[in-house]
């Protein structure tokens, strides 16, 4: 007679087998393990480059030279050194009462997303892989590579778990592998000025992203992914990063003779006409950073950089948070000071010119925005309550623009509440007399004009565009604000969650957002039809991309407004 003990032992053995940690083999024989989370195998905190510390601080990433053997990829790595995104949330709480106006089911996820990058370390070049449970190395699943945003001064891959995308892809019968990459931000990743340019280490953050993509090309097949079917996508500065990866090296996205990526999605971001790495903005940001770190920016290029590399992480973190422009919650001026810059290397020319001259990777893409992108940024100018105040504020952030250019902007964006953002709300939601006007300017300057520049310049590839309006008339003052799409993609399952995920998963699989989604047909953008998908809280519809033509066209043509 078989004992009860035997059956219990057998049952425990089966359970143990089912819950066994997933593994992957790298470099031929180095075994790493991850964690089974429900129906998703997760591998978190995998190094893809050597730690950018000591003499490697501010430099381009170097290939990982360690061993993966025995790595327990159970937890996200620390975020790269950065500003605290909680400062932005705190300001919005103070100015617009964020905690009161955001619906209950979105408030918690918003704060969770902001807190994803609290733990920081300069040793931060790690990535994460999410795949359907039990995926075999020969599965050849499409790969979705996520690049986070954060104004190029904060952000972390830990804020964006890929479980939801993987689960949805399995339910659709179109399984994918999801990868998220850390990259350096602020002065660590986008230090500008003469010194770093002469050293040849500009745009280190873009090189981090590229090094991550090279790792994917070399290794993702070991996790069941297909290196010949990689889609890159990102939001805000992540989308701007995607835009710059498309024009990197004049559109050459190859590595070892193969494309690093084969399609792209840009959410709330596109190419910006940044001035080059030795222009006034990045040079002054470099000088301020050195000054607050206790280094003499006038001592000579090599001496100043050596001084900065000798400082502790705490000293440099304090310096980054001590700028005299920090009264604008450390976002806008530093965003204009730190970011991808033409350097004659990875970015050989201004991004607008690279697109307009056809020097971009010829891959299909999706680009779109939230309707009221600028409302979450407008509080930086909360004290601008009259037209003269607004012009003075514009001159402050658009220092290269002439008075005539600024007057033109003000005439195209009048102070009428009914024409500002949140759009289509009449006289409502005017936090201050100029709030809606400033929010509209931000929306079109930073988001809508780069989107249209891209669409107009890339006539030889298939492209789709969208406008998201899911929070229209639901969130006072903010409307469908910048970043609200992330809540539905990564943190809640309601309303437009399935639209974002299913369209994007289909695009990763087929380079067409319409296959097997059970959603509204999304027509491809054409120059004649200007077809645009509109994403609502419930359902989607097609419309024409024909709003605010004159104002947005002015931003497209006058690059001095970005200086």
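Using the three backbone atoms N, Cα and C, a Cβ is placed for every residue, glycine included.
Under the heading signal peptide, Swiss-Prot lists 1-19. What Swiss-Prot records for 20 is pyrrolidone carboxylic acid, and it gives experimental evidence as the kind of evidence. Annotated disulfide bond per Swiss-Prot: 80-124, 295-307, in sequence order. Annotation source Swiss-Prot lists active site, acyl-ester intermediate at 236. Look at Swiss-Prot and you will find 302, 383 tagged as N-linked glycosylation site. Positions annotated as active site, charge relay system by Swiss-Prot, on the basis of similarity to another entry: 373, 482.
Features recorded in Swiss-Prot, as mapped to the structure shown.
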{"residue": "20", "record": "pyrrolidone carboxylic acid", "contacts (Cβ under 8 Å, 6+ apart)": "36"}
{"residue": "80", "record": "disulfide bond", "contacts (Cβ under 8 Å, 6+ apart)": "120, 121, 122, 124, 125, 156, 182, 183, 184, 185, 188, 189"}
{"residue": "236", "record": "active site, acyl-ester intermediate", "contacts (Cβ under 8 Å, 6+ apart)": "149, 150, 151, 267, 268, 269, 482, 483"}
{"residue": "295", "record": "disulfide bond", "contacts (Cβ under 8 Å, 6+ apart)": "304, 307, 308, 311"}
{"residue": "302", "record": "N-linked glycosylation site", "contacts (Cβ under 8 Å, 6+ apart)": "195"}
{"residue": "373", "record": "active site, charge relay system", "contacts (Cβ under 8 Å, 6+ apart)": "268, 421, 442, 443, 446, 447, 448, 481, 482"}
{"residue": "383", "record": "N-linked glycosylation site", "contacts (Cβ under 8 Å, 6+ apart)": "389"}
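Ranking the disulfide-bonded residues 124, 307 by how many other Cβ atoms lie within 10 angstroms of each Cβ puts 307 at the bottom. Cβ-based neighbour count (10 Å, all protein chains) for residue 482 (active site, charge relay system) stands at 24. In the three-state DSSP scheme, residue 124 (disulfide bond) is classed as coil.
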